[in-house]
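Sequence annotations record features per position, and here Swiss-Prot assigns N-linked glycosylation site to N90. What Swiss-Prot lists as motif 'ATG16L1-binding motif' is 263-281, and the listing cites similarity to another entry. According to Swiss-Prot, the feature signal peptide maps to 1-35. Per Swiss-Prot, topological domain 'Extracellular' is recorded for 36-238, and the stated evidence type is sequence analysis. Residues or ranges marked as topological domain 'Cytoplasmic' in Swiss-Prot: 260-323. Swiss-Prot lists 239-259 with the feature transmembrane segment, giving sequence analysis as the kind of evidence.
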Amino acid sequence: MAAPKGKLWVQAQLGLPPLLLLTMALAGGSGTAAAEAFDSVLGDTASCHRACQLTYPLHTYPKEEELYACQRGCRLFSICQFVDDGLDLNRTKLECESACTEAYSQPDEQYACHLGCQDQLPFAELRQEQLMSLMPRMHLLFPLTLVRSFWSDMMDSAQSFITSSWTFYLQADDGKIVIFQSKPEIQYAPQLEQEPTNLRESSLSKMSYLQMRNSQAHRNYLEEEESDGFLRCLSLNSGWILTTTLVLSVMVLLWICCAAVATAVEQYVPPEKLSIYGDLEFMNEQKLSRYPAPSLVIVRSQTEEHEEAGPLPTKVNLAHSEI
């Protein structure tokens, strides 16, 4: 038949390895035994094959060529999807239909092969969705948990360097100062031991006395525990208090430095310029010339041509005059 030959040519056009081509050719002639080895790689086509068997039953279609063409269409779709890495299933369907057109010359076989490509499409979409759901995804709260774990590790490492200790300074008779340093010891109050009493042998007065003593001791224990609770909490959580104080101090110092460096625009005072530059700017604003052009004024008077000058004043001898 011409169908296996056409199928080999289509698979060669898809660029598959020679071993895979040989296996597919054997699968076309000897059944589905050899093709089952590639189901994990090419995808399962059993559902598509069952759809082809329901579409082309042997009691209705006595010829097996159309059934085989439909099943080969399912296989061609899987091969095209494997070659294209399953990026676009619509493109894979078009390639499968073109391969069916080139592989089969009879219109009935071509239609059956196209039907196999169409039947394999929903199963391929379902398998792709299942693969996408199996991919690991980052949760939205993962950055917060990562920051929290990093902060807790940093606080634990910082707390390990901080040690609390008690220091006592004593002055001896000879004037020397003796220093005692030790770690604080945690003392737990002893638990109250209940005395075993026999209800048959003990009297009512003894029971009331024991209950009164136990209640009074329990009350004294609670009062001591409340008075020492705050100091004990400070001694146990001194590392956290010091760490928090250190972090807050660093943040306050950074804020003070940033506030001192950054000055607001409206609070910025420009430096005072020299007076000569101020006068120059004033002249430029008033559009005055720096050196005005000198002006020469000439005054002319009209005199008569024949006018003579008057007589000179008489000379007076100052020695003969009386003042």
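Yeah, the Cβs are placed from backbone N, Cα and C, and that goes for glycine too.
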Query: In sequence order, which residues at least six apart in the same chain have a CB under 8 Å from the CB of N90 (N-linked glycosylation site)?
result: none
Field: Local confidence of the prediction over the topological domain 'Extracellular' (36-238), expressed as mean pLDDT
entry: 73
